Amino acid sequence: MSQLLLDVNGLTMQFGGLKAVDKVNITVKNRQIVSIIGPNGAGKTTVFNCLSGFYIPTTGSVLFKGKEIAGMKDFQISRQGLVRTFQHVRLFSNMTVIENMLVAQHRHLNTGLLSGLFKTPSYRRLEREAMDRAVFWLKEVNLLDSANRESGNLSYGQQRRLEIARCMVTQPELLMLDEPAAGLNPNETKELDELIIRLRDEHEISILLIEHDMGLVMGISDHIYVIAQGMPLADGNADEIKNNPDVIKAYLGES
Amino acid sequence: MGKLYNAIFSAGIALVLACLMIGVKLDTDGTTLKVHGASPEQWSWIIGGIALVFLSQLFADQIDAAFGKIPKPNLSNLIPEGDKMVRLKPWLLAGVFVCMVIWPFLVSRGSVDLATLALIYIMLGLGLNIVVGLAGLLDLGYVAFYAVGAYTYALLSQYFGLSFWVCLPISAGMAALFGFLLGFPVLRLRGDYLAIVTLGFGEIIRILLNNWTAVTGGPNGISGIDKPSLFGLEFSRRPSEGGTTFHEFFGIDYSSTYKVIFLYLIAVVLVAFVIYVINRLMRMPIGRAWEALREDEIACRSLGLNRTAIKLSAFTIGASTAGFAGSFFAARQGFISPESFTFIESAIILAIVVLGGMGSQIGIILAAIVMTILPELAREFSEYRMLLFGLTMVLMMRWRPQGLVPMKRPVLELK
Ligand SMILES: Nc1ncnc2c1ncn2[C@@H]1O[C@H](COP(=O)(O)OP(=O)(O)OP(=O)(O)O)[C@@H](O)[C@H]1O
Ligand SMILES: [Mg+2]
């Protein structure tokens, strides 16, 4: 049996009387693209918040690489190799693109006050390595030309790509993307599509994706989970989901 | 219409405050309290003041426009850009340093003394700037760490006879420790709550120093604190037993000016050291993390940055700078008491940071100089010091809310 990268069991998140997420199960294997879809307000982002430690789940277990991470602090979880983006872009907009990429590597760089104050050789080496990693990922998302621009001045599509690069430079094993295609034009969506597939096939990571763009989801997902009103509705591959009467009803009922 | 309402409201508030604070006075008459009204002359002043408030609110837009016409010298443009700066910088810095060293030999003793005081405030301003300007944490009790530094040196010197140079790092370390201990529980708090807790902490330290008479001498303070020595050479008229004095060693006549200049030079070196460290910090990962945390805390958390540790580092480093300044202050003064560490000191240091332009080091240096020298120039107005202080703040906020020299971040460039 190949070990599961992520194994979510009976995840429930209650806000007062509202069960925003109710007994959701998700599994992600290595080198898989898994999507979560569902109508607006279904609780998809709340699932992400629970997995990434922003909320502490009311009940349920979250195993990442076989280790329980529910209840861990957000920064501890991301250090395990589980990193996310946000539904609304969150860049350090007064900082340049390259600086954004370095902040993401803070943990690797921040080795000690004294080594930094005196610029010891080991500090310089770490800094150079971090720079190289940043350059590598900026090249991957086609942003190298904008490296010295202030990130707040980038176009929306570029900001989205920078957000992904900034996650990737932390060397995660599971990348969680919250509606990465929202607000992108068809061209940019196609580039994003290719990027996500490349992340899986070349960089060998897994991706958990929340997305409303059905074309994108159906085209790239290895497995799809549907959530409605916090509860799991269905799961399966693209064809199974497309033909599932419950799913069709949930989406038609919404509109 | 809204304007008129606003103006009436402001005038009303001014009236209430003026009546309470100036209009009535309580006096003890034997065992009873008596209420006195203000004199007619005072009343005419009060009414004039209220009219001024009313009119200034009513014509706020016009006044703002007039303020807008006052040219704003863009001080940050005086600093050359890019490559030119890189070439000029070492010369510029060397030049400034040489001037700073030669200058005290040309002017009066009083000016040198005042300059030393200004240097202390520069150190404090730069230290608080790490906390407020760079990390974005509002600390209203900064003076507590200043006090910790000062008392650390005073007590170690009094009880154990340790020298200034030994105590300097110990004081910084003690202040850092206090910063760490305070910061650990309270840095979870946000904005205003943090401000209130730090305000309380500042008062606690002062009251502790005031009441722990057995150790700190209470309100009487500690006097006769040793001055720093130059490689063991003392600057007193007569050497302590087994010691040598500076003038004897060099075979010159005794003059107390040497001591003043020596203290000034120490302050210059300390300030240079603090500036160097802060400049490095701003270019180091930790400095970038402060900035990032100020911009978007949630993004930081999602990228594996431990926000408590990062805030704590800013708080601790800021505190240690105050400890540094504190121990030098104690050495320079030779006498300290809780009086020197009241809330108003915290307020002045914060004002230096805000007036200078949060985060900007040159701005803070200018503001610290202005804030120490102005009160000296305007000695005849010393009774109105706080009033002038408030007025300066109001005018600055109207004229230049971003401070004298708005911050410019050292930007890291690729290749
Ligand atoms: N912190 C919170 N406190 C209270 N209720 C919350 C909180 N966070 C989310 N909710 C509620 O949980 C439900 C699910 O919200 P969530 O943001 O997870 O939906 P979503 O599936 O991401 O929707 P969308 O597609 O619009 O992004 C909503 O009804 C929302 O109001
Ligand atoms: Mg959402």
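Including glycine, each Cβ sits where the backbone N, Cα and C put it.
Under the heading transmembrane segment, TrEMBL lists B:7-24, B:88-106, B:112-132, B:137-156, B:162-184, B:260-278, B:312-331, B:343-370, B:382-399.
The transmembrane segment (B:260-278) makes contact with the transmembrane segment (B:88-106): 3 or more of their CB pairs lie within 8 A, with pairs spaced 6 or more apart in sequence. The listed stretches are B:162-184, B:312-331, B:343-370; of these, B:343-370 has the most Cβ pairs under 8 Å to the transmembrane segment (B:112-132). Where the transmembrane segment (B:137-156) meets the stretches B:88-106, B:162-184, B:312-331, B:343-370, B:382-399, the count of C-beta pairs under 8 angstroms peaks at B:312-331.
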